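So that you can see what the record holds, here are the features copied from TrEMBL:
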type	residues	note
COMPBIAS	749-763	compositional bias 'Basic and acidic residues'
COMPBIAS	764-775	compositional bias 'Low complexity'
COMPBIAS	796-820	compositional bias 'Polar residues'
REGION	745-820	region 'Disordered'
TRANSMEM	98-116	transmembrane segment
TRANSMEM	150-171	transmembrane segment
TRANSMEM	329-351	transmembrane segment
TRANSMEM	401-424	transmembrane segment
TRANSMEM	445-466	transmembrane segment
TRANSMEM	478-498	transmembrane segment
Amino acid sequence: MDYNYNKNNIFSQSEENCFQQHELIYEPFKVPPNLQLAQKHGKAKKVGKLKQDDFNNIEKCICCNLPIQKDKYNINTDPNEFSEQGAGIPLFFYYTKYILYILAQVFIIAGIYNFIHFQVYCHKDEIQCFSFYGLLYPIKVDGNYKGMQLALNLLSILLTILTLIAMKIYLKKKEYDYEDQYIQASDFTLIAHYVDPNLREEQIKQFFETSSTQLLKRVVKVEKIVQIYKLNEYITAFREKVKLVNQLNKIQKEYMKIDFQKYQQLKHKIDAQILEVDLKIHKLDNSFILNTVNQHKAKSVFVTFKTKQDKDDILEKWRYSDEDMLRNLFFIFIGNSLSFSFILFFDPLYFLKWIQRKKLNKNSLNSSQTQYQANQIFEDQSFFIEEKYAFCNKIYLTSMFYASIFPIGVLIEIIGLIIFYWVSKYIYITRTSITNQISPSLNRSMLNIAFFGPLTFSMGALIYDIKILDRNELANDIIHIFSMVLSLLCLLLCDRILQIKKVREWIKMDFAKRLIFKWDKKNTSQEDKIQNLQNQTEIQQIDEENSKPLLQQDSSISIKNVNNEDQADNLIGQLSKNQMIYKISRQFFGQDYDDSNPIIQTKNSIQQNQQNKALQFYMGNESFKTFQDNKNSQNMANINIDESLNQKDNIQENTDLNNFKNCLLNYIVNQPQNNLEQKSTIQNYNYNNLMVNKLYKNKNYKELYQQQYAKYQKEEQKLYKNQDQNTKKEYNLENDKQDFVQEMTSQNKKLEDKQDQQKESEQQRQSLQQQFQQKNTKKHLFSEAQDNYLNKKFQESNLYQNNEQGTQKSDDSNQGQDNI
């Protein structure tokens with residue numbers, strides 16, 4: 001029994017059983033969160049195989065409605081079993097295997113001969129080969145190598161093309177097998193665009209059934225119509241509420257902190273900065289001369305050897321040659337082949353979630369996380385199949401391009417791809433959660449990329465022959481061009497020639513009823529209220545629309561096929577009606593939906609509730625439930641009867657007859673075998689209106705109706721009282737909501753005021769720091785000016801003394817001369 005069939009059986013249970021299993025209500029904004037529900041959500045999202053147990057009593061998550069009890073896969077599990085989560089998963093693993101086969105045959109045919117020939121010739125030249133690197137890549141080759149290697153390269157291209165063709169055929173057949181084995185809702189569903197939003201679901205259903213029957217000339221039945229809504233405003237409001245809740249938790253934490261330590265911390269910080277600036281000034285004073293000299297030095301020197309032979313040998317050894325390029329390629333190939341698998345196994349995000357789970361388990365009662373955030377913490381990551389396809393193609397195309405230049409690199413990439421295959425399989429089994437069923441469309445695109453392999457191989461061989469070996473022979477160039485043209489033709493024509501068509505199979509329409517429409521999921525705990533709201537919104541449509549044409553002449557409908565279930569999720573901001581009703585009532589307003597809401601409930605819905613209530617008193621609960629199941633047949637009979645009743649003049653008599661008609665139809669439809677003829681006539685919409693009028697004139701039926709109608713009026717008064725009470729509750733809830741919004745806005749204003757105060761204090765601190773620095777600079781300049789002034793005065797005094805001494809000496813000498 002496959003996964004989708006089991007899942008359909010699980011979700012096709014009655015509403016009562018589902019409601020008993022989901023006594024708890026999912027509250028995404030509950031603080032602190034319920035860890036048991038979060039752990040169950042994580043188990044429900046994990047990849048696993050459903051147990052072959054009683055599916056009616058299986059435990060499911062109240063958030064996502066997925067089963068919790070699953071069996072873990074083994075590391076040696078066949079990839080075919082992974083198709084339960086979508087056909088794209090096993091096709092990815094088979095794609096990786098085929099890439100391994102292609103690289104292995106290229107290395108065996110063209111790489112081994114190239115590698116052995118390189119190894120033999122490398123030992124003949126001791127200058128060009130570097131120790132163990134010489135075993136990997138020499139440059140020079142002899143004449144026998146040229147022809148043999150070209151033939152092997154051409155043979156490798158031909159075998160690669162044949163392998164790719166076989167790979168495409170095999171994976172296409174696998175895809176069809178998975179689609180036949182695991183039937184999804186997308187196999188039965190189309191997307192219709194530009195539909196008039198005023199049309200009801202019954203009208204759209206009737207239009208497609210009638211038009212399709214006329215076009216195909218056979219009976220076509222539509223099982224379900226799912227409306228799509230634009231909910232961008234709801235999504236933004238939901239995100240704003242999450243943001244406000246996080247801000248509220250942050251504000252509560254900030255107010256718990258003590259603020260009197262901030263001044264001391266700021267003071268110590270400023271003192272440390274002043275000390276750091278002083279040390280920096282001291283270092284600059286000591287190293288000024290040394291830095292000035294080093295800044296003017298050139299980064300080149302002249303090296304002169306004793307002999308010219310030494311200079312030539314060292315120049316030959318140290319120049320960046322082709323061997324150096326290949327040596328770099330060796331380490332690049334090792335890094336590319338092993339780094340991604342290493343990062344994939346030791347994923348930092350996985351260990352971060354593991355730490356968050358441990359932390360949440362310790363402080364579950366004091367945690368500020370919401371239930372939605374706790375569920376996300378216990379949920380594993382997605383498989384990210386697109387990243388793995390990209391890595392596999394990168395390894396494949398890089399190896400094919402460098403196969404002729406660097407044959408050992410192909411072997412390194414094969415080893416890395418084998419490690420990547422098993423690491424990806426382990427990650428998928430143990431650390432992956434079910435998000436969406438992966439379709440095979442991505443695998444089809446990757447198959448087209450795989451056909452680029454022979455072309456890249458031939459281009460690499462041509463570049464190796466011309467650039468590295470420096471050969472321009474016409475025969476070799478013709479072989480290279482032929483291989484490139486052959487690869488290009490295969491790339492362009494194989495996709496068109498290999499169009500494998502699927503055999504058209506007829507599947508019973510009853511199976512579509514058991515399918516789960518992923519874009520129309522229901523929350524079982526709120527399904528009754530959602531159904532009531534859905535009935536009320538449908539009743540709001542005016543009955544005059546039945547007389548209008550189903551589709552206007554100026555409107556056009558665009559119909560597209562639903563290739564996979566992910567296509568509905570890619571409609572940004574669009575959800576189904578049931579998801580919209582439940583999320584708006586539960587997550588945005590924080591309350592259950594009340595079907596007595598005066599905004600939603602209209603006069604037509606009140607009349608419908610009154611009519612259903614009267615029928616419930618008349619026929620009892622069981623027959624009333626059957627009446628709801630046969631609602632479509634009754635509505636069609638009602639239309640035929642209304643056409644005859646509209647011709648009467650007495651309005652009161654028509655309303656009484658209409659009420660009596662509903663009771664009578666319900667009574668006849670639910671009759672046992674003795675009234676099969678009347679039942680069949682109603683279901684075929686050929687009921688005679690005159691019979692209804694005659695039965696209405698009959699006293700027995702009329703008295704029975706009047707008795708039940710009197711009971712109905714008493715219950716109607718109670719219903720109005722309950723509605724008044726519900727409206728009061730609704731207005732109180734609206735007032736509470738407005739109070740909450742006002743409180744949040746006031747808290748946001750307080751937070752902004754606090755931030756403004758912090759900014760002002762920061763500006764004051766910066767201004768004080770600038771003033772302090774200015775004072776220091778002024779003191780420093782004043783001390784320097786004072787020192788300069790004192791030095792100047794000291795020098796002037798010395799000069800004055802020297803001048804006086806000189807004048808005294810000159811006077812003494814003059815006096816001595818005079819005396820003489």
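Note: Cβ is positioned from N, Cα and C throughout, glycine not excepted.
Through the fold, the transmembrane segment (401-424) approaches residues 75, 93, 96-97, 99-100, 103-104, 106-107, 110-112, 114-115, 118, 136-137, 149, 153, 156, 326, 329-330, 333-334, 336-338, 340-341, 344-345, 388, 391-392, 395, 456-457, 459-461, 463-465, 468 of its own chain, all at least 6 residues removed from its boundaries and within a Cβ separation under 8 Å. Across the compositional bias 'Basic and acidic residues' (749-763), DSSP helix (H, G, I), strand (E, B) and coil residues number 15 helix, 0 strand, 0 coil. Counting Cβ pairs closer than 8 Å to the transmembrane segment (150-171), the top stretch among 98-116, 329-351, 445-466, 478-498 is 98-116. For the compositional bias 'Low complexity' (764-775), the number of residues in each DSSP class (helix H, G, I; strand E, B; coil) is 12 helix, 0 strand, 0 coil. Residues 148-149, 152-153, 155-156, 159-160, 163-164, 167, 171, 392, 395-396, 399-400, 403-404, 407-408, 410-411, 413-414, 417-418, 421, 450, 453, 457 of the same chain lie 6+ residues outside the transmembrane segment (98-116) yet bring a C-beta within less than 8 angstroms of a C-beta in it.
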